[in-house]
């Protein structure tokens with residue numbers, strides 16, 4: 001499967017919800033500590049390999065990205081200067097970015113687009129807050145302040161238009177309804193910082209969290225006193241997780257141990273596969289909604305891998 005080399009360190013990768021061969025890649029210079037950022041839109045070629053459709057530069061690193069669920073050429077980037085920038089690949093460079101929002105007081109670490117309502121997106125920041133945005137408003141609609149430390153992740157429910165989850169360095173995951181300024185559920189999910197969260201795409205009662213404690217935990221939000229499953233196998237902090245859009249109990253994770261893992265949290269031997277193709281921290285993973293078993297990862301080694309589950313990502317076609 002193909003590999004794409006980025007000029008900066010990879011931070012996030014997302015498959016397009018509209019085109020099965022298109023991906024979005026967020027990168028940051030100097031490991032995101034200081035320097036520029038670049039957002040890449042790349043295409044998988046039918047004959048193999050990857051070509052870049054276009055790219056957008058920022059004065060600061062980009063930590064996360066998300067495709068619009070309503071416009072096939074629009075994407076949002078989470079920028080280290082505290083801003084959110086919206087780009088449209090269908091427009092010339094002089095017309096981009098089409099929007100720039102700057103309300104967060106510190107770095108924006110995560111973004112997620114609402115897959116149900118499709119007109120809004122969330123941002124999560126190191127200023128301990130989350131914000132709700134729409135394309136047609138110049139300012140955020142609502143700010144959510146309950147976390148006592150950096151908010152590293154935000155994830156919309158795949159079924160409920162107003163429900164989302166957040167994960168924070170304060171060791172809690174929270175479930176929210178955008179119509180209420182306060183969270184509806186607080187889960188003290190780990191004893192260490194929580195870096196990522198995601199909802200099960202088939203059962204909206206199940207939420208996964210990933211932590212600095214090297215584990216992934218799955219929770220039933222109806223009875224959250226103890227996890228349904230604890231997945232241990234990474235050697236360092238688990239940086240990002242994704243539930244499969246095709247198989248109910250399948251999870252994808254990546255870690256500072258430089259590996260990408262595939263899990264089935266409902267089986268006794270939960271670890272199905274471990275991929276060790278990255279040579280630096282693996283910090284971004286995704287699963288294609290349109291092609292079952294198609295995976296992507298990126299990391300600080302400046303490489304983006306796209307491969308089919310069960311094959312070797314380094315076996316370049």
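Counting begins at 1 with the first residue displayed.
Cβ atoms are placed via backbone N, Cα and C, with glycine included.
TrEMBL annotations:
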REPEAT    101-143  repeat 'WD'
REPEAT    144-179  repeat 'WD'
DOMAIN    150-263  domain 'EIPR1-like beta-propeller'
REPEAT    187-229  repeat 'WD'
REPEAT    231-273  repeat 'WD'
Helix, strand and coil totals (DSSP H, G, I; E, B; other) for the domain 'EIPR1-like beta-propeller' (150-263): 0 helix, 58 strand, 56 coil
Secondary structure composition of the repeat 'WD' (101-143) [DSSP: H/G/I, E/B, coil]: 0 helix, 22 strand, 21 coil
Mean predicted confidence [pLDDT] for the repeat 'WD' (101-143): 97
